[in-house]
Amino acid sequence: MMPRRRSRYVLLVAFVMAFMLYQVFKNPEWDATSYTGSIKPNEPAKGKTEPAKQPPVNEPPANKPLNNNPPPDSEHPHDQEEDEPEQNPMRQTAKQTVVKIPQLKTETPKKGIPTKSANTPTMPVYNPDNEPEVTKAAKIPVEDEFHAKKPPGRPNADNAESSASTTTSQIHWHKVKEHFPVPTDKIIPLPTGKPKDIPRIQYKFEPETTAVKEKRERRLAQIKAEMVRSWGGYRKYAWMHDELSPVSARYRDPFCGWAATLVDGLDTLWIMGMKEEFDEAAKAVKDIDFTFSPTRRDIPVFETIIRYLGGLLAAYDVSGGKKGGYDVLLDKAVELAEILMGVFDTPNRMPILYYNWQPQYASQPHRAGNVGVAELGSMTMEFTRLAQLTGESKYYDAIARITDAFEDLQNRGTTLNGIFPEQLDASGCNRTAEAIRYQEEQAAAAAASAAAVAAHMKEPEGHKPAVDEKRDEPVAPRETGLSKRAVRVTEDGESVVKNANVDKEEAFPKPIVNEQPLYPGNSGRRPSPTSPEEKSEWECIPQGLAPGGWGYEQYSMGGSQDSTYEYFPKEYLMLGGLEPKYKTMHEKTVAAVKKWLLYRPMVPKERDILFSAKVSTAGDPEYDARVEYEVTHLTCFIGGMFGLGSKIFDRPEDLEIAKKLTDGCVWAYESMPSGIMPEGASVVPCASLESCPWNETLWWEHLDPSAAWRDAQVKEWEERQKEKKNEELRRAAAVDRLSVDKAMPPPAEEKKVDPLADVKVPKDQPKKVNDVKKTEWPAPEPGLNKSPSNVDEHLLKKRAPPASEDPRKGTSEEKASNSLKDKLNINSDASDSGTVSNDAPVSGGIVGTIPVYEEEIPDPKPKSHKEYVKIMLDEEKIPPGFVNINSRRYILRPEAIESVWYMYRITGDPIWQEKGWNMWQAIIKATRTEHGASAVDNILSSSPEPVDEMESFWVAETLKYFYLLYSEPDLISLDDYVLNTEAHPFKRPV
């Protein structure tokens, strides 16, 4: 009975515990919406994630501007969409340690520019307890997750399928306290004063003839018509969204859903004279809420700065600035910049390039990590222009520190001096030195402890050293022996970490890091120090920018590196030549490109063009450099960079290089069946820059680097075919002999005397011995049993036992082959199989069976080098000079026409207009759709298929550069404006 009663108690206790756990998890206080709902990792934007069918948007009348005021919240469920939070069992722990952050006193802007949109009455007010306001929103279908805003005129049936409601959180950015502020007296001031005299950049054009003007204006009208088409498609189907999908008439939101195409295209509208469209778009800008993103939980800083911030500032400049009446553009630029300033709140002021903007994350201290060169160095122009327009030096300070870090790295030297590896460590911490120091401190502490223990050990009784031994004095552990995170407790109970070896820059005070709530989702995070004496986890052995990652470093002028070098001469212009470091940095860059990257491709007709290669090295480029002779669309900007720098810094030899670099990209366009160059390809390099005749044999060798191996394979195959033919002849001969032997009568059997006949047998043995039949086996014919492998796989022979062996026992060969004979039915009885008996003599030494044939393995002829290359050229359509087409897409990129435009404006040579027009016709033929222009999948096809994407730089850059190539030269003159890497023109200081 006892065991049964005990089990009842166990069941009762288990039931009570289960009930208590159920009640605990049922408790709504465990809902962690305010924590986990805002910090889920962002899913990258996808190009084709829209629903299968999207209702059309009713286009407003042409003579009536769009009503861009958003309808009430109930009609915009997407604006409040947020992923449902996961249950977070750590919330109670986090709430126990939450310290309310006092309301910060906001700085009074010098110009009184508001930092929030005036038309945001439904924006939730931030709660000081970090609890977001909960609002009601209609439940969104899963497939609609990227459609965060509804264009005007969208039918309410869009959400008719879902009538259920759910509780979600709409969390907005708000300004948080800085952890690593720059003291006011340490802010790097914006250079001011009269700009230096800079040589004229743009060619002094002569008045044009009537015929030339008419031709130019016809082309100009065609380009503007394509802008009207693309803008109309965006306005109708993707208004206030990031991008239009021009084939399916839908939209995408890869850049936070802040109307990227609208902002990116503002200055293009003004430049092309589309003033009504510009006015409508500029008014719509005020409705963009930069404090909230319905599609992303991180801000792609680089893209946001060059597209949004650059677009707003350029639109403000080209529309007249203060006198233009579009102050909203500058206001929104300041609003966005205030959000972006949070990316610089790190110990060394290097930016976080994917910024989690939501308060629960942004309020925590952070440090920069590994970064791409282009993303880190392509902020200077935008923040400089903003500082010039607002008078706020803090914007210039943010990017000046980045430039100083690049200059320091360039002066210290890299593997390819003058340029930077693609990936950099921007953390500011020398982790290797920290590890070494830590090990040294640990070793010193261990040695001191061992010495102290040894000093107090007693010697054995009766021990007398042979000579006087000098005893070491006890050594107390030193404070420097403490590890990096070791804690020493003083007499009054305070814990102190002492480390005198850590140097700090004077420009940065001790970080203001107060108690913070536990990092959401990470209960193990160590809290920041609460007293000045306590060592912060942010302290480390400082270092400047350093190569990031391990293994080979990559150097090029292509993607992830390009625009940083592009900005050196342009920032020099932006500052009126008052900051000389940008000239020095540009000149070092150009020298490195000439030494390591420039190459001439081998092309038909010996065209004198240049490209920039990619070099990978493990640290000794003279011996281990791996050069990739690439041709990429992104690298085509380099012609414009060389040309612009040649005029600014009076370097005429660089202009000649610029022409050849630009013409290289023109050749890449002309070489393709579609007339459009690929995203990425590789070509055959010339051995010399001076002379490079076309060599088709060399080109074929690059197309097929395995030519020698391939031809060797063909030769081996031919040898196998010879052996196979010989083998067939041997088989035929064997079959013929078998047929003859079967037709001939067996030979007469000779009478032989039994050698045992006269032998007397003992009485205990049998009186007779069984007769043993002897058969005379003639030797096989020479070569009959040979094959290329010395083993005949098709003919089986039965060899006679040697005379020296006892025939009753059989030879070792017979025993070893018994199993094989059984399988092949050689030992079967003649009466059953119809073949000669095992003991029957066979004429000619051949078994009386049909030879066994194995299934023949196919052995097709391999392709020769010549055949392989011909098939490759036929199937892949690779043009002469190219070795490989790595990426066949064209996504409406502008870099090639950008350099063509620079060459025309700098040299005044009309040949660049003709080259540009050929490019234009090919692009429009391949990309035009009913509602705009679409990226295409394969430029090797004469009619490539669209991929339903129209990136915002189509209207911001590509169409703008084509238009300016045929506009009057004074429109956006290079002596008045500087264009950023997204083709947004900023006014030069005067």
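Yeah, the Cβs are placed from backbone N, Cα and C, and that goes for glycine too.
Neighbour count (other Cβ atoms within 10 Å of the Cβ, all protein chains): 18 for GLU303 (active site, proton donor). Sequence annotations record features per position, and here TrEMBL assigns active site, proton donor to GLU303 (among others).
Look at ASP562 (active site): DSSP puts it in a helix. The active site annotation in TrEMBL covers ASP562 (among others).
Residues or ranges marked as active site, proton donor in TrEMBL: GLU679 (among others). Around GLU679 (active site, proton donor), the C-beta neighbours below 8 angstroms that are at least 6 residues distant in the chain are THR632, HIS633, ASN886, SER887, ARG888, ARG889, TYR890, ILE891, ARG893. In this structure, GLU679 (active site, proton donor) belongs to neither helix nor strand by DSSP; it is coil.
Summarising the annotation, TrEMBL assigns active site to GLU895 (among others). Using a 10 Å Cβ-Cβ cutoff, GLU895 (active site) registers 24 neighbours. In three-state terms derived from DSSP, GLU895 (active site) belongs to a helical segment.
The local packing around THR981 (Ca(2+) binding site), expressed as other Cβ atoms within 10 Å of its Cβ over all shown chains, amounts to 25. The Ca(2+) binding site feature in TrEMBL is assigned to THR981.
The annotation compositional bias 'Pro residues' is assigned in TrEMBL to 53-72.
Taken from TrEMBL, the feature compositional bias 'Polar residues' covers 159-171 (among others).
For 458-476 (among others), the entry in TrEMBL reads compositional bias 'Basic and acidic residues'.
Marked as compositional bias 'Basic and acidic residues' by TrEMBL: 748-776 (among others).
The compositional bias 'Basic and acidic residues' feature in TrEMBL is assigned to 805-824 (among others).
Here TrEMBL flags 825-840 (among others) as compositional bias 'Polar residues'.
Among the features that TrEMBL reports, disulfide bond is placed at CYS636-CYS665. Counting every protein chain shown, 28 other Cβ atoms lie within 10 Å of the Cβ of CYS665 (disulfide bond).
Positions annotated as region 'Disordered' by TrEMBL: 36-132 (among others).
Under the heading region 'Disordered', TrEMBL lists 146-176 (among others).
Taken from TrEMBL, the feature region 'Disordered' covers 458-480 (among others).
As annotated by TrEMBL, region 'Disordered' applies to 511-538 (among others).
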Open item on the list: I'd like the number of other C-beta atoms within 10 A of the C-beta of ASP562 (active site), please.
Closed with: 25
Task: Long-range Cβ environment of CYS636 (disulfide bond), under 8 Å and at least 6 residues apart - done: LEU661, THR662, CYS665, MET677, GLU895, ALA896, GLU898, SER899
Open item on the list: Distance check, please: Cα of GLU303 (active site, proton donor) against Cα of THR981 (Ca(2+) binding site), rounded to an integer number of angstrom.
Closed with: 10
TODO: Could you round the CA separation between THR981 (Ca(2+) binding site) and ASP562 (active site) to a whole angstrom and send it over?
DONE: 9
- [ ] Provide the three-state secondary structure of CYS636 (disulfide bond) computed with DSSP.
- [x] helix
TODO: Provide the three-state secondary structure of CYS665 (disulfide bond) computed with DSSP.
DONE: helix
- [ ] Could you check what DSSP calls GLU303 (active site, proton donor) once collapsed to helix, strand or coil?
- [x] helix
